[in-house]
Amino acid sequence: MPVTNFSFPDKYQYLNGFGSYHESEAIPDTLPIGANSPQRPNHGLYAEKLSGTSFTAPRSENLQTWVYRILPSAAHLPFELDTSYETPKTLHQIPRQLRWDPFDLDDKADWVHSLKQLGGVGSPATKTGLGIFIYAAGASMPPQQAFHSSDGDMLVVVQHGVLDIQTELGHLLVRPNEIAVLPRGIKYRVDLPSGPSRGYILELHAGHFKLPELGPIGSNGLANARDFQAPVACFDDAEYAPGSWTVFNKYDNQMFSATQSHTPFDVVGWHGLYYPYKYDLGRFNTIGSTSFDHPDPSIFTVLTNPTADFVIFPPRWLVQEDTFRPPWYHRNTMSEFMGLVMGEYDAKTGGGFRAAGASLHNVMSAHGPDADAHEKASAADLKPVKVGEGSMAFMFESPLMIGVTDWALELCRKVQPKYNAESWVPLKRHFKRPE
Ligand SMILES: [Fe+2]
C-alpha cells in the first residue's frame, strides 16, 4: 500500500531517510500494487523506469525508481548541441597550491548558464573521475525550461541564496548550510526565491554517495540517516503549446537542448531508491578527540564515494591537551578542494580563505595552517574552546589529481597569486639545538 499521500500545497514536506525505499503519490491510488508496470497504470498514466545503477548491481547498491507520469520522457524532439555553453577544453594538472577569492555573484545568469567548471579529472564518457563547478545564478530558470546532467550525480553546496529545485520527483528547498544531491538524469528546474544564489558543485562521474561506515563509533553519529530528506510527489497537469518546453542535457560536459510539448514535471507518483535528496549540515553529529591529537579529518565525512568524499568542518569543541589544535602540516596522496559557506575557518586565520572562496591542495601538495594560525595556536592556552562558531568549511577530497580549467586559473580573476608567499613562506624557524 502507498505510505504517503501529499497534495500539492504540501510540496515542501519530505520523506526522511538515507538509502531508504521511498514511495510517494500526489493522488491516491496512483501507485500500483504488485506489478510495477501494469497493463493499464491507474489514472491513465504511463509507467517509466529510471535506473541509477546497472540492473544487475548488488542489492546493496542497486538504485532504481519507477515513476508514473502523464507522458513518457521519450516524447521530445532530438537533442541539439547548444554552442553558447562553453565546454572547458583543457584541465591543467599542476601541483601548485591554489586559493581563490570569493567568486562573483551574477545577477543575470540562470542555473544552467551559471555553471562554471573549476576543475575535474577523468571523463563522463567513460564514467571515471569527477567535476568541480561553481554556480552563481541571479535569475530563476524560465518557467518552461528544465535541466539534467547525464554526466553524474551533482552534490550542491549552497553558499548564498536559496534554491527552490523542482524535480521530477518533487520539490527541494535548499538554503545555505544545506546540501542537495541531484542524481544523474533526474530533471529539474531551479527558482531563486530570495534572489541570487552561489555555491559549489561536486559531480561524480561514477557511482553514488553513501554514508560512511561508523565502525567503533557505533550505530549513530556523523550524518544520521534520518536527517536526509527526499521530496514528495508533486505534478503539473497543465497542457502546453507545441514545442514550448526546453530540456537541457549536460552530456560529456557539453550542453545539449531539446524541445517538447509537455512538462517533464508530470510525475504523479513514484517509488524506489533513486531520488534527489537534501541534508542540513547543522544536523551533523561531530565526533572528536577528548584526550590528545586530532583524529584524521575523515571523522568529519558526511558522504563518501570511491571517487570523492564530502567532508565538513562544523562548529565544535576542542578540548585536547598538549596538542597543536589546528590541523597538522601534511602532504596527502589525496587532493583536497575546500570551500567556505560562512564564517571563518579555524585553520586559516590570516583572512585569505573567505566565504565563497576556495582552495585546492592537490596530490602531495604540502599545506597546513598559515603562519598567523601557527603563531596563535602555538601560544594558545589549551582550555576547552569552541571553534568554527558561525562557520562551515567543507572539503571535496579525492584520490585523483584534480586538473583546473582556464576559467579557474585566469578567466574568473580570483586566483590569489601570493597564496604560498603569504601563507607558509613567513613561517619562522624555532629550532634550537640542545646545548
Ligand atoms: Fe589537508
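Indices start at 1 and increase along the chain as displayed.
Backbone N, Cα and C atoms are what each Cβ position is placed from, and that goes for glycine too.
As annotated by TrEMBL, active site, proton acceptor applies to H294. TrEMBL lists H330, E336 with the feature Fe cation binding site. What TrEMBL records for Y345, H367 is homogentisate binding site. Under the heading domain 'Homogentisate 1,2-dioxygenase N-terminal', TrEMBL lists 13-281. Sequence annotations record features per position, and here TrEMBL assigns domain 'Homogentisate 1,2-dioxygenase C-terminal' to 283-431.
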Listed recorded positions with Cβ under 6 Å from ligand 1, out of H294, E336, Y345: E336
For H330 (Fe cation binding site), the number of other Cβ atoms found within 10 Å of its own Cβ: 13
Distance from H367 (homogentisate binding site) back to H330 (Fe cation binding site), taken between C-alpha atoms, in Å: 6
Candidate with sparsest Cβ neighbourhood (10 Å radius) among H294, H367, the listed recorded positions: H294
Inter-residue C-alpha distance, the residue listed as 'active site, proton acceptor' and Y345 (homogentisate binding site) (nearest angstrom): 16
Length of the line joining the Cα atoms of Y345 (homogentisate binding site) and E336 (Fe cation binding site), in Å: 15
Intrachain C-beta neighbours of E336 (Fe cation binding site), sequence separation six or more, cut-off 8 angstroms: S359, L360, H361, N362, H367, M395, F396, E397
For H294 (active site, proton acceptor): DSSP state (helix, strand, coil): coil
Secondary structure of H367 (homogentisate binding site) (DSSP, helix/strand/coil): strand
All-chain count of other Cβ atoms within 10 Å of Y345 (homogentisate binding site): 23
